[in-house]
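The active site, proton acceptor annotation in Swiss-Prot covers Asp127 and is backed by sequence analysis. The ATP binding site annotation in Swiss-Prot covers Gly11, Arg72, Phe73, Gly102, Asp103, Gly104, Ser105, and the record cites sequence analysis as its basis. Sequence annotations record features per position, and here Swiss-Prot assigns ADP binding site to Arg21, Ala22, Val23, Thr24, Lys25, Arg154, Gly185, Ala186, Asp187, Lys213, Asp214, His215 based on sequence analysis. If you look up Swiss-Prot, you'll see Asp103 marked as Mg(2+) binding site, on the strength of sequence analysis. Residues or ranges marked as substrate binding site by Swiss-Prot: Thr125, Ile126, Asp127, Arg162, Met169, Gly170, Arg171, Glu222, Arg243, His249, Met250, Gln251, Arg252.
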Amino acid sequence: MKRIGILTSGGDAPGMNAAIRAVTKTAIHHGLEVFGIRYGFAGLVAGDFVPLTTENVDHKISEGGTFLYSARFPEFAQEEVQQKGVEQLKKHGIDAVIVIGGDGSYHGALALTRHGVNSVGLPGTIDNDIPYTDYTIGFDSACRTAMDAIDKIRDTASSHHRVFVVNVMGRECGDIAMRVGVASGADAIVIPERPYDVKEIAETITRGFADGKDHGIIVLAEGVMTADKFKDELLKYGDFDARANVLAHMQRGGSPTVTDRVNATKMGNYAVKLLLDGKGGLAVGMENGQLSTHDILDLFDGKHHGDYALLDVNEEMTKY
């Protein structure tokens, strides 16, 4: 193996650049050439490749987003499109690929491996919804951004004795909502994986105001319903002023946290070593604080398990 490629796919996440940097520097240390593939699998098929050197990645560790750019490219599920991508890799002399992204990105990495190009996947998504890893690149940064935003929302909520329903990302996974909800002292956390009772939440808010509290915060994962709809449901059971706020894409931006930088660096370094050992079709994860690997195929049948005990902790916090 003399040359490897790296791409980012799907939604961007803080820490992707740190992973790209780690892959590049590790590969060069082991005598390999590195090419960045711009715009994900779309760029792979188009042959949009750029050489990466220590000099052009070294300062990227503190930057959010992905300087290789990203794109969603569902067409890569088609066999003939995959073959075009493999032909581009052969044309450029690239022997293996590291893919950073979420579930769809892993499908692409597995397809490349099946076509004879060893590929390793790194979990890059703020949702933290990948099976067999406790952590995905970007999750910690997204939580910090959401927490900072809710701290500011609380200031204005307290000034007007208002309730805010704050919508955070997480279509099928409530990890951001749970962690941020506990960290921001939310009155309620609502996620798609667990049942909830709007009436009980309204009663909790009402009791808080009666006890002298001057605001209410509900953290709502986007996969449950819109913040506006939840607010309207809430007001059927409570006599208070309520507003909806959607944090949306701001959660993907910003400089990555220490946790994201360190873990992305460790994962990127490890991924290169897996390729050097001739391994492919693997996903790198972090389990119990340690690097781990699983066959990508296993991820498709697996299920992410969040730290749902946080809901119980937060419920106790709201009773007093």
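Every residue gets a Cβ built from N, Cα and C, even glycine.
Annotated features taken from Swiss-Prot, shown on the structure.
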{"residue": "Arg21", "record": "ADP binding site", "Cβ contacts under 8 Å, 6 or more apart": "Val57, Asp58, Lys60, Ile61, Thr265, Gly268"}
{"residue": "Val23", "record": "ADP binding site", "Cβ contacts under 8 Å, 6 or more apart": "Ile4, Ile6, Val34, Ile98, Gly268, Asn269, Ala271, Val272"}
{"residue": "Phe73", "record": "ATP binding site", "Cβ contacts under 8 Å, 6 or more apart": "Ser9, Gly40, Phe41, Ala42, Val45"}
{"residue": "Gly102", "record": "ATP binding site", "Cβ contacts under 8 Å, 6 or more apart": "Ser9, Gly10, Gly11, Pro123, Gly124, Thr125, Asp127, Asp129, Ile130, Thr136"}
{"residue": "Asp103", "record": "ATP binding site", "Cβ contacts under 8 Å, 6 or more apart": "Asp129, Ile130, Leu299, Phe300"}
{"residue": "Met169", "record": "substrate binding site", "Cβ contacts under 8 Å, 6 or more apart": "Ile126, Asp127, Ala142, Ile176, Ala221, Glu222, Leu247, Ala248, Gln251, Arg252"}
{"residue": "Gly185", "record": "ADP binding site", "Cβ contacts under 8 Å, 6 or more apart": "Ile217, Met317"}
{"residue": "Asp214", "record": "ADP binding site", "Cβ contacts under 8 Å, 6 or more apart": "Ala157, Ser158, His161"}
{"residue": "Arg243", "record": "substrate binding site", "Cβ contacts under 8 Å, 6 or more apart": "Arg162, Val163, Phe164, Val165, Lys231"}
{"residue": "Met250", "record": "substrate binding site", "Cβ contacts under 8 Å, 6 or more apart": "Thr145, Ala149"}
For a quick check of understanding: among the binding-site residues Lys25, Arg171, which residue's Cβ has the most other Cβ atoms within 10 Å? Lys25
Listed binding-site residues Lys25, Arg171, Asp187; those within 10 A of Arg72 (ATP binding site), CA to CA, turn out to be none
Looking at the binding-site residues Arg72, Arg252, which sits with the largest number of other Cβ atoms within 10 Å of its Cβ? Arg252
Taking the center of the Cβ atoms of Gly11, Arg72, Phe73, Gly102, Asp103, Gly104, Ser105 at the recorded ATP site, which other residues in this chain have a Cβ no more than 8 Å from that point? Ser9, Gly10, Gly40, Gly101, Gly108
Of all the recorded positions given, Asp127, Asp187, which residue's CB has the most CB neighbours within 10 A? Asp127
Nearest to Arg171 (substrate binding site) by Cα, among Lys25, Gly104, Ser105, Asp187 (binding-site residues)? Gly104
How far is it from Lys25 (ADP binding site) to Ser105 (ATP binding site), counting Cα to Cα, in Å? 23
I want to check the contact list for Ser105 (ATP binding site): same chain, sequence separation of six or more, C-beta distance under 8 angstroms. What comes out? Ser9, Gly10, Gly40, Phe41, Val99, Gly121, Gly124
Specify the count of other C-beta atoms within 10 Å of the C-beta of Gly104 (ATP binding site). 18
When DSSP is mapped onto helix/strand/coil, what comes out for Arg243 (substrate binding site)? strand
For Gly11 (ATP binding site), list the number of other Cβ atoms lying within 10 Å of its Cβ atom. 20
Determine, from DSSP, whether Gly104 (ATP binding site) sits in helix, strand or coil. helix
How big is the gap, in Å, between the Cα of Asp187 (ADP binding site) and that of Gly104 (ATP binding site), rounded to a whole number? 35
